[in-house]
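Some features that TrEMBL has for this protein:
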type	residues	note
TRANSMEM	64-84	transmembrane segment
TRANSMEM	131-153	transmembrane segment
TRANSMEM	165-184	transmembrane segment
TRANSMEM	196-215	transmembrane segment
TRANSMEM	236-254	transmembrane segment
TRANSMEM	274-299	transmembrane segment
TRANSMEM	334-358	transmembrane segment
Amino acid sequence: MVVLLLRDNLGIGGVSREVYALYQHWYEVLADRTFPPGDVTWQYPPGAGLVILAPGSASQLLSYFQAFVALALLADAAIAFALLRRGGGGAWLWVAGLPLLLHLPLARYDLFPTALAVFGLLALLAGRNRLGGALAGLGAMVKVWPLLILAGLPRGRPSRRGWTSALLAAGALLLVLLWGYSHVGDFAEQQGGRGLQIESLGGSALALAGLAGWWDGEVRYRFGAFELAGPYTETAAHAALALSAVALGWLLLWRWRSWAWSPATPADAALTAVLLFTVTSRVISPQYLVWLLALAAVCLTCRDSVMRRPALLMAPAAALTSLGYPILYEDVIALGPLGTVVVALRNLVLLAATAVACRRLWLQTVPGPPSLKGL
């Protein structure tokens with residue numbers, strides 16, 4: 001992974017540019033105690049600013065790029081060590097699965113919120129709900145999704161402790177950032193303007209329709225990403241938001257109906273929740289697979305987990321993701337047949353994993369006819 005990052009000429013190339021150009025630019029802005037004002041590429045919660053600032057602490061020894069990669073490698077190693085200590089075989093999926101994403105994980109900041117989510121979820125599995133909740137809250141301040149690890153906490157005191165700790169930790173960090181920085185909330189304005197990215201489920205559907213001659217659109221670079229423009233793109237983007245609301249509704253219904261919690265339910269529910277919000281996203285960036293591989297690995301550390309099949313599907317999903325970006329990305333953004341089909345296959349794998357995960361979580365925890373349990 002490090003060698004590929006240093007060479008950085010695979011496929012479209014330039015994977016590391018996000019670190020030495022964009023992240024370093026943000027670092028210089030944040031060093032002046034302000035979040036990037038009016039920057040359409042800054043779309044992340046304010047806690048992400050601390051991650052961007054961290055490599056600068058080693059500026060006398062390393063360049064920003066070198067320090068960022070070193071910290072990313074430390075986060076990767078910490079996750080692997082935590083999974084290894086937990087036992088159960090999950091570490092192998094992380095150690096073998098992450099390189100399937102090539103050098104991308106080392107050139108994005110997603111390893112850092114992923115580490116917080118993994119440590120938090122492992123704490124929840126150990127019954128340390130306050131610690132797990134606090135780590136989930138801090139992770140949510142970096143990239144929102146780690147809050148979903150609390151979805152599978154048992155009702156009553158465990159849920160109250162976990163969610164209260166998450167809110168307190170996130171609130172405390174937010175107050176510190178509001179006190180020390182300006183433009184803390186600007187990221188929300190940029191998120192609202194995003195359209196339909198080419199790697200999303202809706203983007204794949206329209207791109208496939210274009211190959212068949214049923215859709216006439218194009219790709220445009222907006223808000224720091226390649227998005228589709230043309231007929232039905234707004235409809236597809238709105239549909240994705242609606243499906244995210246449906247996903248939330250399903251999770252709430254599951255919480256209401258479920259009662260048969262196992263020791264693995266927090267991990268199973270976390271993977272299911274993140275899968276749901278991944279496949280209904282308008283984006284599905286390649287780095288989303290970092291999150292999914294980590295949560296899948298945690299599930300495999302649990303003897304009672306019902307997520308083995310969805311967890312194992314994350315490996316081929318990661319491999320297909322790397323084919324789409326960076327290897328075939330020029331063809332993807334040109335809406336060519338090979339790139340379009342590869343991304344569509346990746347999305348089908350994720351969709352299948354989501355369907356299986358939802359079904360297994362429901363059957364494991366919601367009372368129903370005994371005959372359904374064996375399906």
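Note: Cβ is positioned from N, Cα and C throughout, glycine not excepted.
Please treat TrEMBL annotations as automatic predictions, because they have not gone through curation.
Small disclaimer: the values here were computed from a predicted structure and weren't measured.
Across 64-84, 165-184, 236-254, 334-358, stretch 165-184 shows the highest tally of CB pairs under 8 A with the transmembrane segment (131-153). When Cβ-Cβ distances below 8 Å are used as the criterion, the transmembrane segment (196-215) is approached by residues 225-228, 230-234, 236-237, 239-240, 279-286, 324-325, 332-333, 335, 337, 340-341, 343-344, 346-347, 351 of the same chain, each at least six residues removed from its ends.
Sequence-distant contacts of the transmembrane segment (274-299) (same chain, at least 6 residues past either end, Cβ-Cβ under 8 Å): 79, 83, 86, 90-91, 93-94, 97-98, 101, 104-105, 108, 110-111, 113-114, 117-118, 121-122, 125, 145, 148-149, 194-197, 199-202, 225, 237, 240-241, 243-244, 246-247, 250-251, 264, 267-268, 305, 307-308, 310-312, 314-315, 317-318, 321-322, 324-325, 347, 350-351, 353-354, 357-358. Packing against the transmembrane segment (236-254) from elsewhere in the chain are residues 151, 195-196, 200-203, 205-206, 228, 269, 273, 276-277, 280-282, 358, 361-362, 365-366: each is 6 or more residues past its ends and has a CB under 8 Å from a CB in it.
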